[in-house]
Number of protein chains: 6
Amino acid sequence: MPLGSDHVSHRRPYPQQLRPVTIERGWSKHAEGSVLISFGDTKVFCTASVTEGVPRWRKGSGEGWVTGEYSMLPRATNTRGDRESVRGKIGGRTHEISRLIGRSLRAVIDYKALGENTIVLDCDVLQADGGTRTAAITGAYVALADAITWAQSKKLVKAGRKPLTGTVSAVSVGIVDGTPLLDLCYEEDVRAETDMNVVCTGDGRFVEVQGTAEAEPFDRDELNKLLDLASGGCAELADLQRKALEGTL
Amino acid sequence: MPLGSDHVSHRRPYPQQLRPVTIERGWSKHAEGSVLISFGDTKVFCTASVTEGVPRWRKGSGEGWVTGEYSMLPRATNTRGDRESVRGKIGGRTHEISRLIGRSLRAVIDYKALGENTIVLDCDVLQADGGTRTAAITGAYVALADAITWAQSKKLVKAGRKPLTGTVSAVSVGIVDGTPLLDLCYEEDVRAETDMNVVCTGDGRFVEVQGTAEAEPFDRDELNKLLDLASGGCAELADLQRKALEGTL
Amino acid sequence: MPLGSDHVSHRRPYPQQLRPVTIERGWSKHAEGSVLISFGDTKVFCTASVTEGVPRWRKGSGEGWVTGEYSMLPRATNTRGDRESVRGKIGGRTHEISRLIGRSLRAVIDYKALGENTIVLDCDVLQADGGTRTAAITGAYVALADAITWAQSKKLVKAGRKPLTGTVSAVSVGIVDGTPLLDLCYEEDVRAETDMNVVCTGDGRFVEVQGTAEAEPFDRDELNKLLDLASGGCAELADLQRKALEGTL
Amino acid sequence: MPLGSDHVSHRRPYPQQLRPVTIERGWSKHAEGSVLISFGDTKVFCTASVTEGVPRWRKGSGEGWVTGEYSMLPRATNTRGDRESVRGKIGGRTHEISRLIGRSLRAVIDYKALGENTIVLDCDVLQADGGTRTAAITGAYVALADAITWAQSKKLVKAGRKPLTGTVSAVSVGIVDGTPLLDLCYEEDVRAETDMNVVCTGDGRFVEVQGTAEAEPFDRDELNKLLDLASGGCAELADLQRKALEGTL
Amino acid sequence: MPLGSDHVSHRRPYPQQLRPVTIERGWSKHAEGSVLISFGDTKVFCTASVTEGVPRWRKGSGEGWVTGEYSMLPRATNTRGDRESVRGKIGGRTHEISRLIGRSLRAVIDYKALGENTIVLDCDVLQADGGTRTAAITGAYVALADAITWAQSKKLVKAGRKPLTGTVSAVSVGIVDGTPLLDLCYEEDVRAETDMNVVCTGDGRFVEVQGTAEAEPFDRDELNKLLDLASGGCAELADLQRKALEGTL
Amino acid sequence: MPLGSDHVSHRRPYPQQLRPVTIERGWSKHAEGSVLISFGDTKVFCTASVTEGVPRWRKGSGEGWVTGEYSMLPRATNTRGDRESVRGKIGGRTHEISRLIGRSLRAVIDYKALGENTIVLDCDVLQADGGTRTAAITGAYVALADAITWAQSKKLVKAGRKPLTGTVSAVSVGIVDGTPLLDLCYEEDVRAETDMNVVCTGDGRFVEVQGTAEAEPFDRDELNKLLDLASGGCAELADLQRKALEGTL
C-alpha cells in the first residue's frame, strides 16, 4: 500500500497532452450539484448550492447571481499550510482564484433566465498537483449544470428558460525549458518560465486569459503558441464535460 | 443518477448497531497518513502531517506533540454554511471538536517515545449525517498510526520506541423516544433527548465521556445504559481499525 | 497586609468536601440578577441581563432564549494572560465553557413560559483557582432566578407562568494520586489523572457529564466513584443556592 | 434585598464634593498589586502585574515599561454591551482610555530605577456610573505602588532605587446647568455642557488635561473654574491614596 | 531634484509663529468638499462625503450626523509603517484622532438644520511632520463648509437652514527646552516636555483642550502660556480658512 | 472653482490614444522614491520604501525582494467606500491588484544585484477614474528606479551592480461598442465587453496579460487587436517614464 510523501508525479509521454482527467458526479448527497474532478493527481471537490433569493444589491432585479469560493485543505499540498480560518483572514491567492471561478462561470449564465436565485460554487482542493484553479472551473461547470437541472425540476427556474448559455472549461499552459506544455503538474509549474491560465467557452472563444512571466518576459510568438495549445486543451475538456453530463464518460 | 438534496438517510433495521463503516487508507499522496472514513452517510477525510520540531513552549523537553483540527466543508450539510475563513473567526463548535480530537489522540501517545516531532490531525468533513466528531477521531487514529509507521521508517522516531500506547475509537449514543441508540444519524441526533459522545481505548477504558441532556435531564440508570452501548460500539470500531491497518478490512 | 503572588491555596482537611462556598446576591446595581460566587479562592461574578425580544432565528416562536458568556480577567490567574479582545479572537477554551454554561442553564428553562425574552448570563472570573466553570454555572443559576423574578415583577413574563423548571448546580471531581476528590483547586486539577465536570438538576439528574482522562484512561469503576462524589457535591450546592435565594445563607 | 435596574444614583448634597471613595487593597491573591476602588457607584478592579523583561523595542536599554489596559464588563452599564472579544475588535473609547491610563502612570515612573521590568495595569470596570477612567487611574496608582514594593522585596528592583517619582490621581469635572461640578456621575455626565478629565501629581501639577465641549464651546473663565475644582479633587484623592497605602483609610 | 529621506525640516526663525500654511480646495473631482492642507511639511488630504440618511440609531430624529476618519499612508512617516488594513485592526492612536476630528467638527454643527444627512470627513495624511491631527481638523472644516454649500445647492438641506453654527480650527503647542512653541514639527514634538492640542471656534472659545505631560508634569502657569499661544494660532488659522473659502488665500 | 460630484470625464477625440499622462517625482520628503502619476483623472501616489534585510524565508540567500501594496482612499471613487482597516479585512480586488503590482515590478529586478534589501511599493489611489492598477504599475516603476538610485548612492547596493534589468509599464485596453479602446476611463470600463490589462517591458515583451470577458467571450481576432493596441500604449508610457527619470517630461 503506497503511503506518505515519497510519491512521484508520473511524467506524461507526450508533453502536449492533458493529464488523465476524471469527472465523478453526484459525490454529495446534500448539494444540488457535485463533482469530484481530477487532473492527474490534482483532485478538487466542487459543489453547487442553490438558494432562492439574491444578495441585497440585486433584489428586485429579476436576475440571479452565481459566485465561487475556492479553498485548499491544509494538507492538500506537500507541506501542511495553516488554515485560513485559523489565521483569521483569507490570503490573496485564495481571493484571486475565488473571483476567477465566479467570473468564469458567470460568463455562461443568463441572469434573467436564472431568475432571482443564487448558486454558490464551492471548490475545495483535496489534493494539489498543479492546475487546481483550472480543474476547479472545469468541475464547477459540471456541478453548475446539474444544479440548474435540479432548479428546473423544482420549478425555481421558469419552464422554457435556459440559464446556461454555453459551456466553460479551463486549462493551464506554460513554457518549460523552452517547450510549450499543456496542463502543468506542480513540478512543471515551478520550473515554467511563463505560466498561463486560459478559460474558454465550448465554441472556442476566450473568457479569461491570464498570462504571467515567471522568469523571463514572453514575446508575441510564445504567447500565440500558448494560446493555440490552451484552445485545444479546453476543447478536449469541453468534450469530457459533455460526456460526463451524458453519463458516457 | 441520484442528484440533489432529496436523499433520505437509510434507517437501520437494528437500532443498536453501528451504521456501515468504511475506512480507506492512503487517500492522499502528500500526507504521512491519510484516511477517508465513513459512518453511514457521514464522510470525513483525515490526514496526519508529521513535522520535525515542536511548538515553542515544548522545545528542549525531548517530548513530542499531537494536535487536531476539525472543519466542515461549507456544503457538507443540507444547507450551505458560511466558511469560517470568510467570517474571519472559528466558531465555538469547531473549537470544541478540534480540542476533543487532539485530547483523544494524545491519550494514546507516549510523548517521550515520539521525540520532538509534531503530528497534526486534520479532519475535514466532506459530508455530514451525524457523528462527525466520532468518525473523525476513529479515522484520525488510523491516519496517526500510519504516520507513526512512516516516522519510524524515516528514523524520526528512534529505533525501538513505540509512540503509540494503545488504540482509540469513538462513537455517539443517545436516547431517542426512550430507546438507547448507537451511532446516531443527523435525524436521530436532532430528536434525541440525551446525546453522548464516548471515546474509548482498545482495552475498554474511557478517554472522554461527554453526555448532554438535550431535552430532559437523564438519570444514572439511563447513563449506564448509554455507557454500555457505547463501550460495545467502540470495541467494534477498534476491531475495524485493526483490520484496516492490517489491510484485511 | 497580604500582597502578591506568594499566596498558597489552603488544602482541605477532608478531600471529599466542597471548598468553602459563598454566594452574594445583588452585587450589581444595573443587572436584573447578579451574584458574586466563590468556591475556595475561585471568584466568579455572574450577571443576568434580561432583554425583550429574541434572536432573529427565534422570532415569532413565542419562545424565549437563554445564553451564557464566560471570560477571565487577564490577571485572574497566576500569570497574566492576554485579553481575548486584544488578540482579536476568542480561544477554544472560552468558547467551550460559554457554550456549556448556556446549555446547562437552558436545561431548566421552559421557553414557552419565558416568552419572547432573552436572558444573557455573563460569568467573569475575577480570580481563578480551579473549578471556574462549575462556580460559574452554580452562580449563574442564582442570578438567573433573580432575573426571572424581576421579569415576572415587570410583567415581561405572563402571570402564572414559571420559566424555571428546576434548579441546576455544577461541580468538578477528579482522581488525584488514586483518590477521588471533590471540587478541585488549581493545584489538584493539574495533578489529576482524570478530571470530570458534572452538572446536575436539584432532583439529582444529570444535565452534563464531561469526563476527561488527563494522564491515564479511566475504567467504569472509577467513573462510578466520580459520579457518586459529584452527585453529592451538586446536591450540597443546590442547598446553598436555595438558602442564598431565601436570604438565609 | 435590592435587585435589578431600578436603582437610583444618590445625588450629593454639595455638588462640588467628591462622591464617597473607597480603596480596598489586596483584592487578588495572584496580582503583585490589586485594588478595588469605588467613586460612588463606579467600581473598578485594578491589578498590577509585574514581569521581568521589557517589550522588544526597549530591550537592552536598562529601562522599564509601564502600560495600561481598560475594559468594561458587558453588564457594567445599564444596558448590556457586546464584549469586545466577541466583536473581535477593540473600540475607540477603550483604546483611548487604555492609552490615557498608561501615559498617566508613566508620568510618575523613573524608567532607569525600574530597570528592565514591565508592569501592566489592568483596570476592569465592574460597575459604571460615570468617572470610570478617573477611578481607574486613581486605583491603578495604588496597585502600582504595591507592585513596586513587591518588586523591591523580590530584588527585581535594585536596592536603593525608587521607581516612583511621585503620586498620581485623576478626577472628572464638568459644567452642568451652568454650575461647575466635581466627579460627575453618569446622569450628570450626560447632561454636562462641558466635560473635563484632569490627572494631577501629588504636588499639584498637571499630567493630563482633557476638556471637551459637549454642547457649547467653553471660554477661558469656565476652563479656569474647572481646573480649580479638579485640582482640589485630585489633592483630596492623593490624600486618600496615601492613607490607603498606609493602611489608615 | 531632491530625493529620499535625507530631507531636513526647516526651522522657523520665530518659534511662536505658525509654519507656512496652504489650503487648496477642490482637490477631488468626486467628493462634495475636498482640501489639501499643509502645515509646513505636514500634508493632509481631507474629503467631505455627503450621503442622504443617518445611522440607524438616529433614524427618524430629523437630525443629521457628522463623523471623521483619520489615517496615515504607510510611508507618510520617515519609516514605513504597516497598513492597518493589513494588520486587520485599527490602532489606538488612529481611533483617538478619528474621534477627536468627529467631535471637533460636530461642535459647529446644528443637527436639526442639517436634517437627516450624514457627512463623513476623511483625513488621510500624505506626509507627516508633526501636527497631523490639527491640520486635519483645520482642513476638514473647509471641506465641510464646501460640502454643506453643495448640500444646500442640491436642496438636501432645506432653504434658509444653516447647518454650520461657526468655524473651527486647531493647533498644537508645546514647551521645548522651556520655551512655549506654536505648531510643532515632528522634531520639536519629540523633544517637547509638554504637548497640547487645542481646538477653538472662530469666536475664540474652546472645543477641545488636550494637554499631556511628556517628560515633566506642567504647572498652571505653563498651561496658561500654552493656552494663550494656542488661542492666537487658532485665530490666525480661522482667518486663513475664511480667505480660502472666499478664494482670496 | 469646480466643486463636488457633478464633474464629467473628458472624452478623448481619438479613442485609441492614451489619456493625458503626468508623472511628478519627489512628491514625498520621506520615501526613497515617490511619484504622483495621473492617467486622465486617475491619480495614484506611489512610494518606494527601501529597508535593509529581507523577509525571513529569504534570509541568507544573498537576494533581495520587491513587493507591492495597493489601496484606494475611501473617497477616491464617486461613492465613498468603507476603509478596509475599519472592516478589518482586505478585499479580494485589493489583494489581486497588490499581487499584480509586486509581480510586475519583480519582472525587471535582478535579486542578486539588489542584495539582501527589500523595496516596498505603496500605490495609494487618491482619485479613481479607470486604469488605477495600470497607472500604479507605471508610476511604481519610476519610484522604484529612484529608490534604487538612492540605494546605490548609500552603498546598500554594491558598486557596479544593476538591480534593474529593464523597464516596465502597463495599460488597460478594452472593446467598447465593438471598438478597441486604449486606456479606458471608468465610464468606458463599465461599458466594455472585454477588458484587458497588459504589462510590458521596455523592449516590448509581455510580463502580464490579463483579459476578461465582461459581457461576451472574445475571439482570437479581438484578442490580437487588443494586444496590438496595448503594446503601442505601453511603448508610449515607457517613453514618458524615461523622460520623467531624465527630468525632461
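Quick reminder: no glycine exception, Cβ is built from N, Cα and C everywhere.
Bear in mind that TrEMBL entries carry predicted annotations, made automatically and left uncurated.
Among A:Arg93, A:Arg106, A:Arg161, only A:Arg93 appears in TrEMBL as part of the phosphate site alongside A:Gly131, A:Thr132, A:Arg133.
Between the farthest pair of Cα atoms in the phosphate binding residues (A:Arg93, A:Gly131, A:Thr132, A:Arg133), the distance is 14 Å. In the structure shown, the C-beta of A:Arg133 has more C-beta neighbours within 10 angstroms than that of any other entry among the binding-site residues A:Arg93, A:Arg133. Every protein chain shown contributes to the tally, and the Cβ of A:Thr132 (phosphate binding site) ends up with 25 other Cβ atoms within 10 Å. All chains included, 27 other C-beta atoms sit within 10 angstroms of the C-beta of A:Gly131 (phosphate binding site).
Each residue in A:Tyr70, A:Ile97, A:Val125, A:Ala128, A:Gly130, A:Thr134, A:Ala135, A:Ala136, A:Asn197 lies on the same chain as A:Arg93, A:Gly131, A:Thr132, A:Arg133 and has a C-beta within 8 Å of the C-beta centroid of that phosphate site, without being one of the site residues. Under 8 angstroms separates no C-beta among the binding-site residues A:Arg93, A:Gly131, A:Thr132, A:Arg133 from a C-beta of chain E.
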